[in-house]
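**Student:** Sharing a structure here in structure tokens format.
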Amino acid sequence: MLQVHAHTYFAQFTKMSIFNSDVPLVVLKSLFMKYDKDGNGSLTMDELKIMAQDNFGMNKTKAEAFIMLVDKDGNQRVTFQEFYDWLKSGDRFSNIDDCSRFHYVSKAMDMFKKFDKDGSGRLERAEVHELLLSIGARREQLDAGLKAIDKGGDGTVSFSEFLDYLNWLPRD
């Protein structure tokens, strides 16, 4: 019953109006659970891509940007909390729908993927060093550069940390 009611609720709104402060938490959880096929409490990249394309009408490129923006920790899985935090942020879809903002997100995605050699969704130490060398850093600056970008302090850089480092977009 909850799934049916939530689905009906979502069908009445566009992606831009749906995630305002009046949307009940139960509706957002229902949407999340609809795509959490294995019921493990997180969405895989494939599950998020289907959500982005089916519910939000995004093309492949915008769906990929959506995924990279929502997956704050870069572990290639999105928890409900990450999903909820992104939806309630001031940006929501603006970095995807605004052409000039999306241009910068797209450039950042391309750059990030170029250096994410193993496709892990995170830049490891060697990958960050390669990135820093490509922009003119000296070898003795590499570890300090990694530390400056890696706000989480785990020795890797998520796309979110990378985007913050670039400082190309207004961020929360």
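Keep in mind that glycine also has a Cβ here, set from the backbone N, Cα and C atoms.
Quick caveat, the model's predicted, so the values are computed rather than measured.
Reproduced below are the annotations present in TrEMBL:
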DOMAIN    23-58  domain 'EF-hand'
DOMAIN    60-93  domain 'EF-hand'
DOMAIN    103-138  domain 'EF-hand'
DOMAIN    140-172  domain 'EF-hand'
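Context for these features, please: burial, neighbours, distances.
**Tutor:** Cβ atoms under 8 Å from those of the domain 'EF-hand' (60-93) belong to residues 15-16, 19, 21, 25, 28-29, 32, 41-45, 48-49, 52-53, 102, 105-106, 109, 112, 120-122, 152, 156-161, 163, 169-172 of the same chain, restricted to positions at least 6 beyond its ends.
Residues 45, 61, 64-65, 68-69, 71, 74-76, 95-96, 145-146, 149-150, 155-159, 162-163, 166, 168-169 of the same chain sit 6 or more residues outside the domain 'EF-hand' (103-138) yet have a Cβ under 8 Å from a Cβ within it.
Secondary structure by DSSP for the domain 'EF-hand' (140-172): 18 helix, 2 strand, 13 coil.
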